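K.L.:
Attaching a single structure in structure tokens format; questions to follow.
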Amino acid sequence: MATDLTQEFCALRDTYIEKQFGRLNDMQRQAVFTTDGPLLILAGAGSGKTTVLVNRIANLIRFGSAHGSKQTPRPATEDDIKALRNAIMTGTAAPSWLDGMLRQNAVRSWNVMAITFTNKAAGELKERLRRMLGGEEGDEVFASTFHSACVRILRRWAEEIGYPRSFTIYDTDDSQRVMKAVYKDLNVDDKFLPIKAAINQMSRWKDQLVSPEQALASPAKDTKGALTARIYAAYEKRLKEAGAFDFDDLIYQTVQLLAEHKDVRDFYQNKYRYLLVDEYQDTSVAQFRLVSLLTGPEKNICVVGDDDQSIYRFRGATIENILNFERIYPGTKTIRLEQNYRSTSNILNAANCVIQHNTERKGKTLWTSNGEGDKVQVYTAENEQDEASHIADVIGQHLKEGGHLADHAILYRMNAQSAPIESYFTRAGIPHKIVGGQRFNDRKEVKDIHSYMSIVANPRDDVRLRRIINEPARKIGATTVEVIADLATQEGVSMLDIIGHADQYAKLSRAVMPLLKFWQIYQRLQDSLETRTLDEFAADVIELTGYKAMLEADAAKGHEDAADRLQNLGQLVNNVKNYCDQHGEEATLEGYLEDIALISDIDSYNESADQVVLMTIHSAKGLEFPYVFLIGMEEGVFPSEMSKYSEADLEEERRLAYVGITRAKKELYISNSVSRMLYGRTQRNEPSRFLREIEPEYIEETRSPVLEQRSRFGGWGDSYRDTVPGGASGYSGPSGWGRSASGYGTGGYGSGYSNRSGYLNREYNAGEGRGFGSAYANRGQSQSGYGSGYGRSGAGTGYGSNYSSAYSDGTTQKKSAKQISFTGTPAAKTAAKGAKHYEPGDLVEHKVFGRGQVVAVKPAAGDQIVEINFEKVGIKKTMANFAPLTKITAEE
């Protein structure tokens, strides 16, 4: 009889426990109720992995391994059964006197450690545990990041490895100061081995658990390798003498501590009987070893991750950690969470199509009950400005339907891609914020070049002069600068005036040569402004000041950010060129600088405001948005050019595409551009292979109206029929674009295209424009990217300046071209219609902000800065000729 009652009670107990986790799906519950031994949870994007982690910890603490068990601590009674059945039927908590019968091998909350990658994730985990378990028990679970967990361990045990418990944690600047002292001790020339390069190598060594002794003992590839090992040993010695760890040391030294001291290792394995690790696919060699050392003999380790979202190899993450987990921990139970709660089925099917082309993966297929949803919208843009305009159009439509700006995210592969979007949105008055990176114009190299341009426009701008007088280094020290400033104050002239006559001042005798060389650079920049176009002038600033040479030298020395900084300077010239295109003959240096100042002013939004979000796909991992725009989906951009030469890199790029696609909840928009100006040159790239991997049934493709115009009037071929599923846009023909030498070519950066290598072997002749960028020029010379016409040999059509089409009889007419306006690009429409003019009191409609009234107007380099009081969002400033504004009457 007692046995029958116990069996009945165990069945009721299972039902009661399942009701406590009733919101979970079958696979999630299976993960929650698997309590002992190694567990691998392959959690697809949007599958509720945080929910599983929280509920699994709650189950361990409240019920232990009771679910599915046939055992009880004592024989069950009829009162036990009656009370438990009543709790189940009424949906209330079981009486406290039944607690012991409901648990089996329950875990104390302080015996659980959960490791995440971000403080935000750890904080969310703790908050949800507090709500489920109550404040006290929830707070006692140790939820932390890897580095925070290591600090806690080291604070207690650092003396075991020769460091004080009151150790200091050095940041990057501190580490660089230590390195400078080491370089001085070892008589190392920073020009031969840059400090940043040495620090990066030391970081890689620590991440791979290579000690200074091992680095010294390993055969070096070259002199620099051997020298870096000596620097590593000296650096670590200095840190130990100072009682300090750098950021990489926190994990590296904790691993050494646990590996070398069994008593410390046993203490933590006994303390934390259950270990849970989130985002396991992003762990490095050192983090993998740390987890192994913390795992006790019972192997109660649960790791949660998604091999398809492993995108941080450049930071040391190794996908092998999750791929090999089952081999490293025999007896592992693997559970796949494939039900997605975030996206529609069309979005998920597109993601599945892409990721299934990877071979290094466990394999899973996401599905959802959210419904089919809209197809993925694939838009082929004419260029990056058209791409930005199209995105603005879509956002405007969503707002009219009741959406919010913050519902939209624009994701890109590289930070440099944000500039055209940022510039367009600012001029159009669309609130936006960049997450995970600086604003383009706030980047140091961009500010430096703008400062050079400023002192040419205004020779009395001493503030900007101070910024760049020794950038790049010219042996003009701070003391000399202060002497110049004092002399300028005494004589009532600008600092530039003093520099121009440096040989007349005894106090400047030691710095005469560097100062006069700087003056010569300044004069050459003045000449450039007077004789060349504005975009050519911008290119000259980068070249003549030595800034380009400095960054190229840095790149050759191994500075990791030098290439990106060079690319940003190329993008700066793109922006100047775009400004010239928009303002035509009225474009001036002063106007451009005012434009930049206006952009900075308009872009200063509160982070909590309703704004469109711009970020890299790496920064977007773990986030979700109703509407996602995945831009620049082109070969050489995404996937990146370098990834084409490595299958492992290409698979990482594909995982990155998968992450980008799965950020979208309701609608996904993917765009590629026929022509894209990046890094100072116009590129012609095929659509990304990732687009071709998506089955046609899941996408709906459209293309820029100007491309449609070109097709109708005999433009550049028919379509991307052979490259994009269901394609109706692009190029066809047997001959690809033929590239000539690229780089800083004649007339600026970029690459030209040979006159015999165009699609269909047709010749594309550049128009009259010159400058920075690429053109389809006769003999492949670098000419203007947008200021020229794109024509066919013989009577046909060309694409003239200001994004319009020109008809000609074999030549491209720049001035007298017949304008063809098209929808989709406000800049083009305003160019076709002529400059807009507003006055206070005018009623207008903005495609994003709706209706408003002009309250103030200020002239600005051939344009107007219009201040408008909108009914919905209040007062905003925007540029008249660029913003998507329409005058309306009171009756409309």
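FYI, residue positions are counted from 1 along the chain as it appears here.
Using the three backbone atoms N, Cα and C, a Cβ is placed for every residue, glycine included.
Annotation comment: TrEMBL describes Ala43, Gly44, Ala45, Gly46, Ser47, Gly48, Lys49, Thr50 as ATP binding site. If you look up TrEMBL, you'll see 22-344 marked as domain 'UvrD-like helicase ATP-binding'. The domain 'UvrD-like helicase C-terminal' annotation in TrEMBL covers 345-622.
Can you walk me through where each of these features ends up in the structure?
P.N.:
Sequence-distant neighbours of Gly46 (ATP binding site) (same chain, six or more apart, CB under 8 Å from its CB) are Asn340, Tyr341, Arg342, Ser343, Leu366, Glu624, Thr662, listed in sequence order.
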K.L.:
Output the one of Ala43, Ala45 that, of all these binding-site residues, has the highest number of other Cβ atoms within 10 Å of its Cβ.
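P.N.:
For the binding-site residues Ala43, Ala45, the Cβ with the most other Cβ atoms within 10 Å is Ala43.
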K.L.:
Long-range neighbours only, meaning 6 or more apart in sequence with Cβ under 8 Å: which ones does Lys49 (ATP binding site) have?
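P.N.:
Expected: Ile41, Ala43, Asp278, Val304, Leu337.
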K.L.:
Using a 10 Å radius around each Cβ and counting other Cβ atoms from all shown chains, which of the binding-site residues Ser47, Thr50 yields the largest count?
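P.N.:
Most Cβ neighbours within 10 Å: Ser47.
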K.L.:
Let me know the DSSP-derived helix, strand or coil state of Ala43 (ATP binding site), please.
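P.N.:
Its secondary structure by DSSP: strand.
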K.L.:
By the count of other Cβ atoms within 10 Å, pick out the sparsest of the binding-site residues Gly44, Gly48.
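P.N.:
Sparsest of the binding-site residues Gly44, Gly48 by Cβ contacts within 10 Å: Gly48.
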K.L.:
Determine which residues of the same chain, besides Ala43, Gly44, Ala45, Gly46, Ser47, Gly48, Lys49, Thr50, have their CB within 8 A of the center of the CB atoms at the recorded ATP site, and list them by sequence.
P.N.:
Val52, Asp306, Leu337, Asn340, Tyr341
